[in-house]
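Participant: Handing you this structure, nothing more for now.
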Amino acid sequence: MSCCDRRTEVEGGLFNNKQMDWTSDNDDSDKFEWESDGEAEPSSAPAFRNLDAAGPSTLDSNGWANEEAPPTSLVEGYVLMGFPKEMVLKGIKEIGHSDANALLELLLTYKTLGDDAAAGNCSTSGCFPQSVEDDDDFDFENWDGDDDADGREPNPDSSGDEDFLREMSEKDNKIKSLVDMGFPEDEANMAITRCGVDAALTVLVDSVYASQAAGDCHYGNLSDYEVTGSCFDSLGGRKRARLMEGSKKRRKRYGGAAQGNRRPLDGSHEEPMPLPNPMIGFNLPNDRLRSVTRRLPQQAIGPPFFYYENVALAPKGVWATISRFLYDIEPEFVDSKHLCAAARKRGYIHNLPIENRFPLLPLPPKTIFEAFPHYKKWWPSWDPRRQLNCLQTSMSSAKLTERIQCALASSGNPPPKSVQKYVMDECRKWNLVWVGKNKVAHLEPDEVEYLLGFPRDHTRGVGKTERFKSLGNSFQVDTVAYHLSVLKDMYPNGVNVLSLFTGIGGGEVALHRLGIHMKTVVSVEIGEVNRRILRGWWDQTQTGTLIEIADVKSLTDDRIATFVRRFGGFDLVIGGSPCNNLAGSNRHHRDGLEGEQSALFYHYFRIVDAVKSAMGRM
C-alpha cells in the first residue's frame with residue numbers, strides 16, 4: 001500500500017493530512033484504493049504547529065510574547081459579551097487583537113462549535129481535523145462496501161470544528177447544485193435557511209418551487225401556506241397554479257408538514273423499492289401468459305411522452321424518489337438478458353402505453369454461442385456461462401489475461417476447483433471469452449456494439465478506450481426499442497424528439513430501427529466524443545434536423561418554450577441521467593441523487609415539466 005502524505009501550508013504552520021484516492025471503473029462495479037501509510041498518527045498529536053511562534057525565552061508567565069499581551073480591558077469586554085475568558089484568550093493567541101471584526105468572527109465560530117471548541121485546533125484559514133487512531137475492528141483493505149455503513153470513512157474522533165467546515169462545504173455545494181438547475185442563488189440560499197443544510201436536494205427543490213408558487217406572500221411553514229389572489233396573479237396564473245398544485249401534492253407524498261416531521265426525500269429512511277425476480281418488466285416479446293395493466297396518474301398523461309432510464313441496482317430510496325418526481329409512475333425494471341445475450345439491469349419510468357409492443361427484427365441472439373459461435377471451439381466444459389454479464393465501460397488488462405493463462409498452463413485438465421473459481425470470477429467480472437487453449441480475452445468494441453444493438457462500426461473512428469466508455473454507458477437498443485415500438489402507429493408521419501443525455505444515440509438508433517422517422521431531434525450531450533459519434537451516424541442515415549446542445553443546464557425554460565413553438569411541441573422526451581453516483585458497490589462514490597453527476601436527474605424532471613407546461617399553453 002503506497003504512502004501519500006499531503007502537506008498543506010496554512011498561516012504560520014504546516015498541516016499534514018492523509019490523502020485518500022478512490023477510483024471507479026464502470027457503471028456496475030467500482031473498485032477503490034485506499035492510499036495510506038497504514039499507520040495513523042496518535043490523535044493527541046497537534047494538527048499543525050506555528051514555526052514562527054515566539055520561543056520560550058520571549059514568553060511571560062501566561063504564555064504570551066512580551067509585546068503581544070492583550071489589554072485586560074479588551075479581554076473583559078469580550079467576556080461581558082458572553083464569551084468565556086479562556087475562549088477569548090485562545091482567539092487572541094490565534095489571530096491577535098488588532099482586527100476586532102476578525103476576532104469577533106472567530107469567537108462566534110467557537111461559540112457555534114460549542115464553548116469547549118477553543119481547545120481544538122483552529123486558525124483563521126479554517127479548522128482542521130485531528131488525526132484518527134487505528135481501529136483494529138475496521139478492515140479498510142478488505143472492505144467491499146457492502147456493509148450497512150452509510151459510505152463514509154469511520155472517524156470516531158471527528159471534532160465539532162470539522163463538522164462546521166463540512167456543513168459550510170455542504171451548503172456551498174447545494175447552493176451551486178440549485179443554481180446549476182436554474183434557480184436563483186438567493187432562492188437557493190433561502191431554501192437552505194428554511195430547511196436546513198442537512199436537507200436533501202429534493203427537499204430544497206420542493207422548497208424553491210413552493211416559494212415560487214407563493215411568490216411574495218410570506219409563509220412560515222411549507223405545509224400550510226396559502227396564496228392570495230393578488231400574489232398569485234402577479235406570477236402568471238396558470239404556471240404558478242401548476243407549481244402550487246404540484247408542490248402541494250409532493251409535500252403530501254413526502255409525508256407531511258414541517259421539515260422536522262417529514263420523511264427525507266433522499267430515501268435514507270425508506271424501504272428499498274422491491275426489484276422483480278425475474279426482472280422482465282411489464283411484459284416481454286411473445287409473452288402471452290401474463291396480462292399486466294397499469295393506470296397512470298392524471299398529471300403523468302402526455303403530451304409529451306417521456307422515457308427515463310437508469311441503473312436498477314441504485315442505493316436505497318433512489319427509485320422511490322425518482323418515481324415521486326416523475327409523477328408517481330411505477331418503474332419498469334428489465335434485465336436485457338431476456339432480450340439479448342448480455343445482462344443489463346435497468347429501471348425505466350415512462351408514460352408510454354404498454355399494450356401492442358413488438359420487438360425489433362431480426363430477434364437478437366440470446367446466448368454467447370448464438371452471438372459468437374466461433375468461441376465455442378475453445379470453451380472449457382467447466383465454464384457454465386451461456387450469457388454475458390453487464391457490459392462495462394472499461395476492459396480487462398493484458399496482465400490479467402496473462403495471469404489466467406499462466407495459472408491454467410500450470411494446472412491439470414481440468415484445473416483444480418480453486419483455479420476454476422479464480423478464472424471464473426475474473427471471466428464473469430470482465431466478460432472474458434475463450435479465444436484459444438487456456439487463453440481468454442475481452443470482447444472487442446464491434447462485438448459490444450452488436451450485443452447492445454448498435455450497427456457495426458457505430459463508434460469506430462475514436463480510440464478504443466473511448467469506445468468502451470461510450471458503449472458501457474449506452475442504452476441496450478433492443479430493450480428500449482421494444483418499449484418505444486408503440487409509437488410507430490401513433491406517429492406515422494414521424495416524431496419530434498428531445499433527447500437528454502443522448503450519449504451515442506441509443507434512443508435514436510432504436511427509433512430508426514423501428515422505422516420511425518425523426519423529423520427533428522434536439523440532442524443534449526456534454527461529451528464531445530459522443531456528439532461526434534451521433535453526428536456521424538445521423539449524417540449517414542437520417543434526413544431530419546439534428547440540433548445539438550452541449551450542456552443540459554443551458555436548456556432553460558425559455559429556450560424550451562422557443563423550441564416548442566418552433567416545432568409545435570415534442571412527441572418524446574427521452575434520456576437517462578448519469579449513474580456515476582448510483583452504481584457500484586463502493587459506497588464512498590454512491591451519493592445517490594445528491595451526487596454531483598446523478599443530481600442531473602433533476603434537470604430531466606425540470607425539463608419534462610417545462611415541456612409539459614409550454615405545450616399546455618399552445
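Placement of Cβ uses the backbone N, Cα and C atoms for every residue, glycine included.
All TrEMBL annotations are machine predictions without curation.
Straight from TrEMBL, here's the annotation block:
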type     : residues : note
ACT_SITE : Cys579   : active site
COMPBIAS : 135-150  : compositional bias 'Acidic residues'
COMPBIAS : 263-272  : compositional bias 'Basic and acidic residues'
DOMAIN   : 167-211  : domain 'UBA'
DOMAIN   : 292-618  : domain 'SAM-dependent MTase DRM-type'
REGION   : 16-68    : region 'Disordered'
REGION   : 135-164  : region 'Disordered'
REGION   : 243-276  : region 'Disordered'
Participant: Counting across all protein chains shown, how many other Cβ atoms sit within 10 Å of the Cβ of the residue listed as 'active site'?
Facilitator: 21
Participant: Looking only at the domain 'SAM-dependent MTase DRM-type' (292-618), what is the mean pLDDT?
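Facilitator: On average, pLDDT over the domain 'SAM-dependent MTase DRM-type' (292-618) sits at 93.
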Participant: What counts of helix, strand and coil residues does DSSP assign across the domain 'UBA' (167-211)?
Facilitator: 36 helix, 0 strand, 9 coil
